[in-house]
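Take a look at the structure set out below.
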Amino acid sequence: MQTFNIAVLSGDGIGPEIIAEAIKVLDVVQQKYAFKLNYRTFDVGGIAIDNHGTPLPEATLKGCEESDAILFGSVGGPKWEHLPPAQQPERGALLPLRKHFALFCNLRPATLYKGLEKFCPLRADISAKGFDMVTVRELTGGIYFGQPKGREGEGANEKAFDTEVYHRYEIERIARVAFETAMKRSKHVTSVDKANVLISSVLWREVVCDVAKDYPEVTLDHIYIDNATMQLIKQPEFFDVLLCSNIFGDIISDECAMITGSMGMLPSASLNEKGFGLYEPAGGSAPDIAGKGIANPIAQILSAAMMLRHSFNLNDAATAIENAVKNVLAEGHRTADLADESQPLSTKQMGDLIAQAVE
């Protein structure tokens, strides 16, 4: 029997509540599909600051190193906002984890599920068509990490600067992820750049075109970032796989999230070249609803499904979870973020229904 070790980092806010439901669903799936998951829990984020004085303790990092994947909840909250930026939960935990494990690729699916069209902020005739896309975002290069960056001078001559840097190998490896992802979907990649202005985007487009030659079955088109943000509003159904640099992917993936109607529905995966990944919901720690038992656990549950698919190659088990979510939603069950006039389900009730729906 295949056995996998998972580092469970519940974190802060709603993290522990939604992680509990993801594990509940994983426990059902591992019994039905004959594999074994070993969980080890570690502090991260604000709770780690409270208990250990740092958002990413050595024991947590070591536990992650000894695991096959990281199932991550959420970090942060008002309690720790007074700390220096580098010591705050988000910057002091997530960014070091991404760097330590060389998590260069972020996958963010965005799907408008049947029955949830009315929660989409787009016009009814657009949302009625539905959409199912994934953003493939380069995560470790680009303007967020390029050097030099800084501030200097004073008075009217004071200036600040950042540098957008991309190497050919960085673009090539993220492009290959996008094309491989498209091969398992609708075979369509849209590469987002600003090649009419930025030299880094000129190289980006050249390398993407080179990689595309290895995938003749995949349709490739290019779109400028400004036009991409417009077309996502006008015709989201056109897109399948969106390939983006770090900063453009940051923008696009959040726009995709917004048009689905709820951040509580959106999973994500951050992967390295060896298939090791950190899996987390796209939303934040939501301290305003933490402890109330009303958070939507679906994003966390779907993140667990992504873990089974991308790190463990358990595609059937992952699909079983995704189908369970679709079926529960199709039956009209909703948590508070998606409730209309019906009585909303609690976090636990939604987790129970999805676990029961796994086939």
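Every residue gets a Cβ built from N, Cα and C, even glycine.
Features reported for this protein in Swiss-Prot:
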type    : residues                      : note
BINDING : 77-90, 284-296                : NAD(+) binding site
BINDING : Arg98, Arg108, Arg137, Asp226 : substrate binding site
SITE    : Tyr144                        : site 'Important for catalysis'
SITE    : Lys194                        : site 'Important for catalysis'
BINDING : Asp226, Asp250, Asp254        : Mg(2+) binding site
Pairwise Cα distance for Asp226 (substrate binding site)/Lys194 (site 'Important for catalysis') [Å, integer]: 8
Of Gly77, Pro85, Pro89 (the binding-site residues), the residue whose Cβ has the fewest other Cβ atoms within 10 Å: Pro85
Rounded Cα-Cα span from Tyr144 (site 'Important for catalysis') to Arg98 (substrate binding site), Å: 13
The one of Arg98, Arg108 whose CB sees the fewest other CB atoms within 10 Å, among these binding-site residues: Arg98
CB contacts for Ala290 (NAD(+) binding site) [other CB atoms within 10 A, all chains]: 18
Close binding-site residues near Arg108 (substrate binding site), where close means Cα within 10 Å, chosen from Pro85, Asp254, Ala290, Ile294: Asp254
Between Arg137 (substrate binding site) and Ile294 (NAD(+) binding site): CA-CA distance (Å): 30
Chain-internal residues, separated by at least six, CB under 8 A from Asp250 (Mg(2+) binding site): Arg137
All-chain count of other Cβ atoms within 10 Å of Arg137 (substrate binding site): 29
Residues Arg98, Arg108, Arg137, Asp226 [recorded substrate binders]: greatest CA to CA distance in Å: 28
Spatial neighbours, same chain, of Ala286 (NAD(+) binding site) - Cβ under 8 Å, 6+ residues apart: Gly13, Ile14, Ser74, Ala295
Listed binding-site residues (Glu81, Asp226, Asp254), ranked by Cβ neighbours within 10 Å, top entry: Asp254
